[in-house]
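> What follows is a structure written as structure tokens; I'll ask about it next.
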Amino acid sequence: MVLIRVLANLLILQLSYAQKSSELVIGGDECNINEHNFLVALYEYWSQSFLCGGTLINGEWVLTAAHCDRTHFLIYVGVHDRSVQFDKEQRRFPKEKYFFNCGNNFTKWDKDIMLIRLNKPVRNNEHIAPLSLPSSPPSVGSVCRVMGWGQTTSPQNTLPDVPHCANINLLDYEVCRTALPQLRLPATSRILCAGVLEGGIDTCNRDSGGPLICNGEFQGIVFWGPDPCAQPDKPALYSKVFDHLDWIQSIIAGNTIVNCPP
């Protein structure tokens, strides 16, 4: 444990853009309350159980993982501590849901994306502000930020009231293909591979749908990770936002016929 803490602290010193240091997402640090204005929480409507994270990309639209979909769910914006109702938080319902169904040059691994139109726009405040879509694709070796209300212990299921943040590295896709042979990942894909190969830092269950932010840009959506979480040499998979920009922007613009990306 002492060694893990030392390694984590050395990594943190190298992260120039991070607003708050994180040792581990599993048992790690609480996100700075001003760091996640775009992070939303999805809840199952009837049970009021927490499902997933998501990202507010403008006042009326949220991007999350398709596997987070339920027949009825709620979206909370501006939340920090889930156990306390905050004056500035806002609740919305899905008005429309869109799923990425393009077939050309996209495999099943490239389609875990859901775009949600809210029933009414949110009002920006000091705790609510959208995160812009990326202007360019991410580079391997980038330092990336992940956050969410997912498990802080694994395999034990411990969910925190506040979001936890961590810094991980964007890895070459081949690293995930080699490390995760049971998935039989295709030779080429539009998913991102990210993690800390030494282990101890990772997203986990219920972090699904949340953002992967690399060098300050929204580059990925939490998609899949090994169980237990944070194992050495077991990185996780993220949907690549940049390769879905045409689809996202076409829907937001109101196009009824969406052209699939090349």
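Cβ atoms are placed via backbone N, Cα and C, with glycine included.
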> Among CYS31, CYS52, which cysteine is annotated in Swiss-Prot as forming a disulphide with CYS165?
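Its disulfide partner, as Swiss-Prot records it, is CYS31.
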> Scan CYS102, CYS144, CYS176 and flag the one Swiss-Prot records as disulfide-linked to CYS260.
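It is CYS102, per the disulfide annotation in Swiss-Prot.
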> Disulfide-wise, see what Swiss-Prot says CYS229 is paired with, picking from CYS204, CYS214.
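Answer per Swiss-Prot: CYS204.
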> Which of the three DSSP states, helix, strand or coil, fits CYS229 (disulfide bond)?
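For CYS229 (disulfide bond) - judged by DSSP and reduced to three states - the answer is coil.
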> Hey, does DSSP put CYS68 (disulfide bond) in a helix, a strand, or just coil?
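For CYS68 (disulfide bond) - judged by DSSP and reduced to three states - the answer is helix.
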> If we check Cα distances from CYS260 (disulfide bond), which of the recorded positions CYS31, ASN105, SER208 wins as closest?
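Its closest listed neighbour, by Cα, is ASN105.
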> Between CYS176 (disulfide bond) and SER208 (active site, charge relay system), how far is it from one CA atom to the other, in Å?
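Between the alpha carbons of CYS176 (disulfide bond) and SER208 (active site, charge relay system) there are 18 Å.
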> Counting all other Cβ atoms within 10 Å across every protein chain shown, which of the disulfide-bonded residues CYS102, CYS204 scores highest?
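Counting every other Cβ within 10 Å of each candidate, the maximum falls on CYS204.
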> Whole-number Å distance between the CA of CYS68 (disulfide bond) and the CA of SER208 (active site, charge relay system)?
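Here the two Cα atoms are 7 Å apart.
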